Amino acid sequence: MLRWLTAGESHGEALVGIVEGVPAGVELTTGMVQDALARRRLGYGRGARMKFEQDRVRILGGVRHGLTQGGPVAIEIANTEWPKWQDVMSSDPVDPQVLEGRARNAPLTRPRPGHADLTGMQKYGFDEARPVLERASARETATRVALGVVASQILAALGVRLVSHTTAVAEVAVPEGAPLPGPQDVPALDADPLRCFDAETSAAMVAAVDAAHKAGETLGGVVEVLAEGMPPGLGSYVHWDRRLDSRLAGALMGIQAIKGVEVGDGFRTAQRPGSLAHDETLRADGSVHRVSNRAGGIEGGMSTGDLLRVRAAMKPIATVPRSLHTVDVATGEPARAHHQRSDVCAVPAAGVVAEAMVALVLAEAALEKFGGDSVAELVRNRDSYLAGIPESLRTSPELADPAALAALDEVRGDLS
């Protein structure tokens with residue numbers, strides 16, 4: 001069983017993540033984690049914090065000489081701005097005179113609409129929002145990206161590779177039916193301002209971000225995560241909480257600012273008749289092929305072995321530069337919300353975080369299915385499982401070719 005946990009605050013000394021259940025022999029280095037965190041800082045429309053935020057990584061345990069040892073893996077991400085915050089965010093009590101007059105210590109009594117501020121104050125009994133926003137901040141996702149590297153390395157040993165990309169920023173969207181990126185396209189995606197695979201759409205997205213910045217607005221969008229090389233049978237239909245799509249949806253909805261998730265064609269499927277909503281199968285070249293992949297690689301809560309496709313919709317960042325109307329809870333008077341440093345558009349970063357969360361869920365499901373205390377044992381178990389599938393049930397991730405589709409139409413005619 002793979003379990004993960006994060007700790008730390010946005011302006012605390014460090015963020016810490018622990019992932020347990022990692023088999024021995026997984027390749028993992030500090031450089032791999034640093035590279036992933038650098039990808040999280042990418043994207044047109046990011047705020048000033050990305051310019052000076054340097055993620056100093058230390059692997060604290062579970063790894064020796066670049067290989068996991070079978071124990072929990074602990075990763076620390078130090079906060080380079082800690083010297084400015086060490087009194088305000090100190091774990092131990094601080095003399096009030098030391099904090100007196102510090103702007104960073106001023107009570108945040110004007111909760112920001114769309115953030116956790118007001119409800120967090122109600123729930124935990126705080127009289128200001130600082131304790132809420134420090135933990136609720138999307139800065140915490142840096143730790144999940146770091147832990148996602150561990151999961152991605154587990155999946156890589158099984159031949160599963162992930163890629164994320166931006167499909168929409170506000171109303172600017174990649175055209176329906178546009179080519180999908182593959183893992184080999186990651187460098188090109190990371191070089192694109194919005195991590196968009198369509199150059200023309202990317203240029204329009206940049207223009208939309210510029211217009212929003214000028215207007216004092218923020219923008220949301222949609223990201224998609226793809227997983228190639230999936231084995232069939234990850235997840236289960238026997239209980240709701242073991243369904244792979246249920247777990248993926250929960251993990252993605254747990255990312256700050258994500259408001260919707262769809263698998264495969266998702267909500268578009270609801271607009272189609274049943275005959276055009278599902279993936280028919282046929283036999284060709286010695287295996288079963290699906291004619292399409294509208295399901296996005298998941299049927300009945302289990303991976304099909306086809307390309308896994310899942311999307312997440314991100315709302316516009318709630319810290320709007322021109323500040324939204326709120327109430328000052330200290331005075332009860334109308335006010336403008338506190339404006340913390342923020343981005344115009346963080347959709348590209350959301351894709352990297354979504355990729356990490358999908359990796360964690362898929363790695364967890366793979367370890368549940370195949371088991372193994374080492375990578376070698378895990379791979380052997382996977383190979384044994386696949387070899388045990390009867391030939392009549394073996395599927396191919398390749399979609400049926402046009403000739404096979406024509407043959408299927410003939411079969412349809414015969415059956416009717």
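The backbone N, Cα and C atoms fix where each Cβ goes, and this holds for glycine too.
DSSP gives ARG40 (NADP(+) binding site) a helix state. Here Swiss-Prot flags ARG40, ARG46 as NADP(+) binding site.
Summarising the annotation, Swiss-Prot assigns FMN binding site to ARG135, ALA136, SER137, GLN256, ALA257, GLY300, LYS315, PRO316, ILE317, ALA318, THR319, ARG341 and lists sequence analysis as the type of evidence. A coil conformation is recorded for SER137 (FMN binding site) in the three-state DSSP classification, outside any helix or strand.
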Alpha-carbon spacing, ILE317 (FMN binding site) to ARG40 (NADP(+) binding site), which is rounded to whole Å: 16
Rounded to the nearest Å - Cα separation of LYS315 (FMN binding site) and ARG40 (NADP(+) binding site): 18
Rounded Cα separation (Å) that holds between ARG135 (FMN binding site) and ARG40 (NADP(+) binding site): 18
Fewest other C-beta atoms within 10 angstroms, as judged across ALA257, ILE317, which are the binding-site residues: ALA257
